[in-house]
Amino acid sequence: MAKPFFRLQKFLRRTQFLLLFLTAAYLMTGSLLLLQRARVALPQALRAPGSLQALPVATVALGVGLLDGRSLRDPHSSPDLLLDVDTLRSPLARLPPGIRWPRRNRSSLRRRWLHHLTSDPQGPPTLSPEASGPANHNRGNYLGCFSEEGQERTLKGAVFYDLRKMTVSHCQDACAERSYVYAGLEAGAECYCGNRLPATRVSLKECNQECKGEKGSMCGAVRRLSVYSVGLQQPGSKKRRTATYRGCFPLPENVTHTFSSSMTQANMTVETCSGFCSQKEFPLAILRGWDCYCAYPTPQFSLRDAVDGALCSQAPETQGLPGYCEVYQTPVQDTRCTDRKFLPDKSKVFVALSSFPGAGNTWARHLIEHATGFYTGSYYFDGTLYNKGFKGEKDHWRSRRTICVKTHESGRREIEMFDSAILLIRNPYRSLVAEFNRKCAGHLGYAPDRNWKSKEWPEFVNSYASWWSSHVLDWLKYGKRLLVVHYEELRHSLVPTLREMVAFLNVSVSEERLLCVENNKEGSFRRRGRRPHDQEPFTPEMKDLINGYIRTVDQALRDHNWAGLPREYVPR
């Protein structure tokens, strides 16, 4: 009996030594693999390959410029805790295939919408072309440090922000694209363009903030501008914008009084006239024979009475009439309505700018900000919009420092927080397409064909169509004081509708400022280029569903003493 016991004891001792040895070998092997992986990952992170593979969690948390490849070039980014970018980039990742949105659970749907908003695949802003490498300071001279404290900005032709990736060349490219001569950088993340230098030069030491995206380069300070000349554009940069033909118009009675600047030259061309007016920062170049005039839109020359282009023709066989002129839009922005600020005192009336997603809320904010001169706020935070100049995005939505607050929320509690609201309504067919494009391709992109053909599109329509209806119905029911604005009316009759909106906001606006807004009505928020998907995306079943919601909303508007929906909404 004792002999088998001793054999068992001997076997167990050997097993203990064997397990201890295997455990030590396993730990050593794992440590070696981790060290090897760390050595390989570091040079890969520094090389920043063109095809993105992963994003730091910190980048995802910020929600600004998520899919911009340049954010991976920062060697200080944490290499651990990485997320798969393909997962972030894919619209299907936002809602897994097979999962249908609950029709009745509106709060759940809105939470999903807000989550997708911060992971917008939109690239860098329109005014910030991709920088292909580090800043090249030889392309433009550094002109010094300037102060614009206590005075109106001189460099205000174009403005954009980038809290994480601003560089000198980034700003220079943006200004060059719009034919400006000078690029000024402020507070490490702000870029201003113009053709005149600020008047007050200060010590170079006062421009002491590094560029957010370029260590070692100075990008001004608070109310201090590091100013560079733009110089020649680099290969791969966006081409300079050219003059855009606006039409043929009658010459005003008093040309000298109406047009601020002029030049006469033999064989005058559009390029020469546009360049002359751009240098003087005028948005309009007017051409008549050998005469070139520069001007702003005014009540005397409002660009609303265009005539047949043959009356302005320069061809010998047509011989245009002397009382008409050709008008071109220069690349320069009309600066009479670009200055914006926060409200000097907290607003006593808390106003919402409410709409269904895809109904043109961002465009309406652009119009309101430039018409009133005050920033608009947002219930959400969208870094892409902040980079395009919506400074109110960073302000807390309940600060009451903005003229109104963007929201897509509905439901009694959310609505009754506001004292009044502008309710922006758009044709649901167009709203659904616009929001689907934004979800799949960003604010200015188009959803690829594969998204339209997938299950995602019918699931999107089934859930979001009912939200379009419930959003309007809730605001009509619980809103304390409303102004109903239809997107189509705002586009077709911009100045009268916008005048009604600013009056509702209790702001006095001059006619010239409204004309300035009309002259730059699109801003940077319209999708450019040809739509890649021109086929009818709505099936008969989808149309039956949407048409039912249209009838419901149309009747609700009439029941609340508002005009019904525009005729183009109502199914025939």
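Every residue, even glycine, has its Cβ placed from backbone N, Cα and C.
What Swiss-Prot records for 1-14 is topological domain 'Cytoplasmic'.
Swiss-Prot lists 15-35 with the feature transmembrane segment.
Here Swiss-Prot flags 36-572 as topological domain 'Extracellular', drawing on a curator's inference.
If you look up Swiss-Prot, you'll see Asn105 (among others) marked as N-linked glycosylation site, on the strength of sequence analysis.
Break the domain 'WSC 1' (139-231) down by DSSP state and the numbers are 14 helix, 37 strand, 42 coil. The domain 'WSC 1' annotation in Swiss-Prot covers 139-231.
Sorting each residue of the domain 'WSC 2' (242-337) by its DSSP state yields 21 helix, 30 strand, 45 coil. Under the heading domain 'WSC 2', Swiss-Prot lists 242-337, citing sequence analysis as support.
Annotation for Asn254 (N-linked glycosylation site): spatial neighbours Gln300, criterion Cβ-Cβ under 8 Å with sequence separation of six or more. Annotation comment: Swiss-Prot describes Asn254 (among others) as N-linked glycosylation site, evidence class sequence analysis.
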